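S.K.: Input: one structure, supplied below.
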Amino acid sequence: MKKNIGKITQIISAVVDVKFTNKGKLPQILNALECYNDKQRIVLEIAQHIGDDTVRCIAMNSTEGLVRGMEVVDTGSPISIPVGIETLGRIMNVVGEPIDGKGKIKGSSISSIYKSAPSFTQQSTDRNILVTGIKVVDLLAPYTKGGKIGLFGGAGVGKTVLIMELINNVAKAHGGYTVFAGVGERTREGNDLYHEMIDSGVINLEEPEKSKVALVYGQMNEPPGARARVALTGLTVAESFRDMNEGQDVLFFVDNIFRFTQAGSEVSALLGRIPSAVGYQPTLATDMGELQERITSTKHGSITSVQAIYVPADDLTDPAPATSFAHLDATTVLSRQIAELGIYPAVDPLDSTSQVLDPMIVGEEHYNVARKVQQILQTYKSLQDIIAILGMDELSEEDKLTVSRARKIQRFLSQPFHVAEVFTGAEGKFVNLADTIAGFKGLTEGKYDDLPEAAFYMVGTIEEALEKAKTLK
């Protein structure tokens with residue numbers, strides 16, 4: 001079949017205009033075009049048709065070195081990437097090219113990054129708890145298998161560390177496969193994650209097919225087109241694992257979903273669309289919906305997704321984080337005030353929510369303990385103004401006891417992480433759900449009122465707190 005060839009007529013940053021002279025052969029919207037610059041393959045994705053013979057494209061690679069008059073070939077289909085077992089243990093970029101220096105991904109099947117979401121009849125409605133081993137999450141905002149989880153937080157409060165710990169705790173204990181999509185984050189973190197996975201055995205370099213994870217990176221230095229599409233590339237790999245054989249349970253980590261929105265905003269501005277609120281693209285809700293609706297569980301397999309969501313200027317009402325709220329089953333909100341107290345993970349126990357914190361799903365005891373913990377912490381929060389102005393002495397005996405318990409609960413919500421051992425020197429802890437419930441139940445009932453607050457800081461189970469208390473007395 002004769003190739004459909006066009007020529008570059010205009011280049012403005014990441015936006016490239018291509019003119020096709022074949023009448024009636026204008027490529028479709030979202031088709032991938034290819035051109036070669038010094039033997040390097042450059043992929044362009046069609047975003048708009050301008051007139052009868054010109055298309056406006058978004059570049060997936062750097063446009064450095066491109067010149068007007070260069071030949072461009074229509075591939076006849078959207079961006080397509082390798083999927084399946086062969087991607088395990090490998091790192092790909094947005095267009096499916098390996099970037100780990102280990103050669104071509106051989107023998108894999110090819111799939112378009114654009115697909116429709118599963119129909120209602122295919123979707124599963126089962127609700128099972130996913131135990132993470134992180135006390136504050138398991139107790140107050142539990143995650144579901146096949147659910148969508150958002151980690152909200154401003155700059156530097158620990159979203160990536162929490163994602164790394166979840167990969168460590170859940171992906172290692174988890175039988176299925178894991179896909180990690182690095183969207184517009186630091187290259188250093190992506191490199192650290194890759195080497196940590198090799199050290200921990202999640203990636204097997206000798207026999208890549210025995211690895212548990214596939215990585216897809218489109219980092220901060222990439223053009224906006226790549227950052228706006230790399231989440232779809234990662235999701236396509238995750239969907240292929242979910243639908244394999246008789247179905248699989250897949251974990252899909254995205255760090256960071258805000259960068260997906262941010263890249264969409266840059267692309268939108270480059271294409272000349274009129275911005276909406278706070279300068280975001282007018283299609284913000286549509287873009288987010290197209291991605292999130294595909295992250296779902298079917299009757300064959302499930303995708304459990306954990307998404308880090310950067311919150312600009314710590315403002316949860318910003319359109320980017322606010323748009324993603326509607327799609328999530330559980331939200332874990334990281335708070336700068338809690339991080340300032342030195343309590344890590346800096347999860348806000350009152351702002352974090354979960355649809356499965358329901359006595360019908362988690363059981364009466366878990367639900368009652370969680371609500372009691374939140375009640376004590378809420379009372380302490382409302383008393384803080386009085387304490388700041390008048391001091392502790394002006395409180396009633398009952399309020400003093402509540403404050404004392406709240407401070408112990410606050411410290412007991414902290415926990416040493418496996419992935420932070422290098423920085424803290426403290427051994428990481430995985431706490432079972434039964435131990436978490438028992439520990440907090442004892443605290444709310446006043447069993448440990450005589451122990452010092454420091455005993456509860458950075459420990460795993462309540463038994464460890466009791467041991468620590470002996471060394472403090």
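Glycine is no exception: its Cβ is also placed from the backbone N, Cα and C atoms.
For reference, Swiss-Prot lists these features for the protein:
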- GLY153, GLY154, ALA155, GLY156, VAL157, GLY158, LYS159, THR160: ATP binding site (BINDING)
S.K.: So of GLY153, GLY154, GLY156, which of the binding-site residues has the fewest other Cβ atoms within 10 Å around its own Cβ?
M.R.: GLY156
S.K.: Mind giving me a neighbour count for LYS159 (ATP binding site)? Other Cβ atoms within 10 Å of its Cβ, every protein chain shown.
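M.R.: Excluding its own Cβ, LYS159 (ATP binding site) sees 26 Cβ atoms within 10 Å.
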S.K.: In the structure shown, with every protein chain counted, which of the binding-site residues ALA155, VAL157 has the densest set of Cβ atoms within 10 angstroms of its Cβ?
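M.R.: Most Cβ neighbours within 10 Å: VAL157.
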S.K.: Specify the count of other C-beta atoms within 10 Å of the C-beta of GLY158 (ATP binding site).
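M.R.: Neighbour count, Cβ to Cβ under the 10 Å cut-off: 21.
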S.K.: What is the set of residues, excluding GLY153, GLY154, ALA155, GLY156, VAL157, GLY158, LYS159, THR160, whose C-beta falls within 8 angstroms of the centroid of the C-beta atoms at the ATP site?
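M.R.: Checked against the 8 Å cutoff, the neighbours are TYR310, LEU334, ALA339.
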S.K.: Give me the long-range Cβ neighbours of THR160 (ATP binding site): same chain, 6+ apart, Cβ under 8 Å, in sequence order.
M.R.: GLU185, GLU189, ASP255, ALA308
S.K.: Look up THR160 (ATP binding site) in the DSSP assignment and reduce it to helix, strand or coil.
M.R.: helix
